[in-house]
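What TrEMBL says about this protein:
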| type | residues | note |
| --- | --- | --- |
| DOMAIN | 28-225 | domain 'YjeF N-terminal' |
| BINDING | 73-77, 153-159, Tyr164, Asp187, Ala262, Gly327, His375, Asp431 | (6S)-NADPHX binding site |
| BINDING | Asn74, Asp149, Thr190 | K(+) binding site |
| DOMAIN | 227-488 | domain 'YjeF C-terminal' |
| BINDING | Gly430 | AMP binding site |
Amino acid sequence: MVVGEIMDLFNILRGIIKDKDTITPKEMAIIDENAEYLGIKKILLMENAGKSVYEEIKDIYAENYIIFCGTGNNGGDGFVVARHIGNAEVILIGREQDIKTHEARENFKILKTLSEFGDIKIRQILRVEEVEGIFKQLENENKKTIIIDAMIGTGVKGDLREPYKSIVEKINTLKKRNKNIFVVSVDVETGNLDSDLTITFHKRKTINRKNAIVKEIGIPKEAEYIVGWGDLKALKKREKDSHKGQNGKVLIIGGSREFYGAPILTGLSSLKIADLVAVFSVNKVINKINHPEFILYGVEGDYLSSQHVDYALKVSEKYDVVVLGNGLSVNSKTRAFVNEFLSRCEKKVVIDADAIKLIDYAEFEFLESYIFTPHIGEFKRMNLELDNPKSIKNLKSTIVLKGEKDIIFNNEMVKINKTGNAGLTKGGTGDILAGIIGALFSNNEAFLSGCCGAFINGYAGDLLLKEKGFYYTPMDVIDKIPHVLKIFEI
Ligand SMILES: NC(=O)C1=CN([C@@H]2O[C@H](COP(=O)(O)OP(=O)(O)OC[C@H]3O[C@@H](n4cnc5c(N)ncnc54)[C@H](O)[C@@H]3O)[C@@H](O)[C@H]2O)[C@@H](O)CC1
Ligand SMILES: [K+]
């Protein structure tokens with residue numbers, strides 16, 4: 001499939017799977033990072049965010065501006081608003097050295113310099129008692145005052161802690177007592193703050209309690225649908241004190257008399273990420289495996305068949321994810337195995353290669369617990385009518401359609417991945433992708449696992465292209481997986 005065809009297909013899917021109007025903080029963080037992946041710096045977005053708040057409030061009459069800023073990027077937006085207003089009192093909740101991000105720090109430094117010459121005042125506080133005086137004064141203030149809440153935005157975790165909790169309560173009480181106070185929240189209302197106006201960025205957030213005004217801040221629509229390092233950062237982090245098994249247990253079911261290498265490649269790539277990897281196959285394959293890292297389950301015969309289903313199901317109970325299909329061969333025995341296994345298996349399954357060809361799609365239900373990884377030839381057998389919205393609406397499984405660009409979709413989301421190059425057309429690289437996705441799927445949602453798997457696999461190929469040109473092997477790709485994970489600090 002050439003790139004033009006891939007883009008046509010992608011655009012058909014985008015026509016059916018509509019963008020969401022309201023997004024979660026996690027989705028916003030992915031978009032934000034992927035805007036940077038596309039070359040748009042976060043500090044530019046912060047500038048646009050702060051400026052858009054200023055534009056929205058500049059015509060509201062006020063003589064006083066007090067901006068409460070937290071130590072994350074929501075606070076950073078507040079610093080930008082202060083600079084645009086020009087005569088504001090900024091209250092940083094924390095110390096300068098507590099400011100968490102580069103962008104917020106840069107904007108704070110500018111404000112500090114401005115405060116030496118102009119009408120910006122800065123205070124750094126740790127306890128609510130340090131602002132009691134301000135609240136007392138504001139209670140009897142006759143001048144119109146705008147309080148800006150740049151305390152916490154989409155980075156909120158759990159219930160509000162002090163001193164935020166008390167500051168929010170104080171502002172709520174103050175508003176009831178003095179009608180001259182107008183409260184504006186930046187992006188998200190902090191805690192249960194009773195703000196009069198909320199200005200949110202790019203898209204409405206699921207955690208907005210009020211009807212927020214949405215402002216564009218220069219995030220291109222492509223940042224919503226391209227796979228980038230933002231997706232990788234959304235993967236569940238490996239805990240430092242985690243123990244064996246917590247980072248994924250993957251069972252590879254595949255292999256046959258003819259094809260013994262495919263499940264090994266899948267297993268080896270899974271092993272770079274997951275804690276435990278097992279291979280279930282015919283003994284002809286198992287006997288050829290001499291990797292001490294694998295747990296091995298062998299059965300008699302040339303092919304897996306229906307008589308092996310009970311055992312395969314029993315074994316699969318010990319694992320988080322099954323990767324099914326690599327090197328299985330296509331015949332009546334393996335067809336019976338695949339269909340019976342899937343109809344009885346309740347685990348998450350990555351369905352690849354021959355398994356995609358063997359499924360009887362007439363009675364098949366595309367469950368949420370499945371990820372399919374077809375190339376276009378396999379995809380065509382899957383009985384999905386892409387120009388029929390009904391067919392896509394019922395598609396709960398995630399599909400990773402491999403090609404020069406990979407399209408990842410289900411009935412709610414569609415994304416495209418641009419990592420990878422022509423060196424990845426060699427036999428075996430598809431097995432590697434299935435292994436990576438299987439490992440990620442142990443601890444992450446299907447769609448995110450599909451996106452990140454495609455990105456990691458392609459990026460490994462891109463590193464190799466730089467080093468060796470197009471002539472690298474599947475084993476080289478496997479060896480590069482840890483490098484990719486290190487680059488993106490996964
Ligand atoms: N997503 C985007 O595209 C953009 C985001 N920007 C801003 O960045 C914000 C997100 O920034 P961050 O991810 O740095 O996070 P936030 O600044 O929203 O929040 C993180 C800070 O809040 C503290 N915090 C979190 N939960 C708390 C709780 N329960 N009690 C007390 N303190 C708590 C954290 O310790 C940290 O200091 C957005 O809301 C938005 O305002 C903008 O700069 C522009 C672009
Ligand atoms: K806020």
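Glycine residues also receive a Cβ, built from the backbone N, Cα and C atoms like all the rest.
TrEMBL: automatically predicted annotations, no manual curation.
As the structure is a computational prediction, the values presented were derived from the model and not from experiment.
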Rounded Cα distance, in Å, between Tyr164 ((6S)-NADPHX binding site) and Asp149 (K(+) binding site) is 11
Rounded to a whole angstrom, what is the C-alpha distance between Gly327 ((6S)-NADPHX binding site) and Asn74 (K(+) binding site)? 51
Distant-in-sequence Cβ neighbours of Gly430 (AMP binding site), under 8 Å, six or more positions away: Asp352, Ala353, Thr373, His375, Lys402
Same-chain shell around K(+) excluding Asn74, Asp149, Thr190, C-beta within 8 angstroms of the CB centroid, reads Phe68, Gly70, Gly78, Ala150, Met151, Ile152, Gly153, Ser185, Val186, Asp187, Val188, Glu189, Leu193
Under DSSP, is Gly76 ((6S)-NADPHX binding site) helix, strand or coil? helix
Between Lys157 ((6S)-NADPHX binding site) and Thr190 (K(+) binding site), the C-alpha gap once rounded to whole angstrom: 11
What is the pLDDT of the domain 'YjeF C-terminal' (227-488) when averaged and given as a whole number? 95
Please list the binding-site residues from Asn73, Asn74, Lys157, Gly327 whose Cβ falls under 6 Å of any atom in ligand 2. Asn74
With the Cβ atom as the reference point and anything under 6 Å counting, tell me which of the binding-site residues (Asn73, Asn74, Tyr164, Gly430) are near ligand 1. Asn73, Asn74, Tyr164
Around the Cβ of Asn74 (K(+) binding site), other Cβ atoms within 10 Å, all chains included, total 25
Is Thr190 (K(+) binding site) helix, strand or coil when read with DSSP? coil
For Asn73 ((6S)-NADPHX binding site), write down the residues of its own chain that are at least 6 apart in sequence and whose Cβ falls under 8 Å from its Cβ; none is a fine answer. Lys42, Met46, Lys100, Thr101, Glu103, Ala104, Gly153, Gly155
Could you find out if DSSP has Lys157 ((6S)-NADPHX binding site) as helix, strand or coil? coil
Between Gly76 ((6S)-NADPHX binding site) and Asp149 (K(+) binding site), what is the CA-CA distance rounded to a whole number of Å? 12
To the nearest whole angstrom, state the Cα distance for the pair Thr154 ((6S)-NADPHX binding site) and Thr190 (K(+) binding site). 9
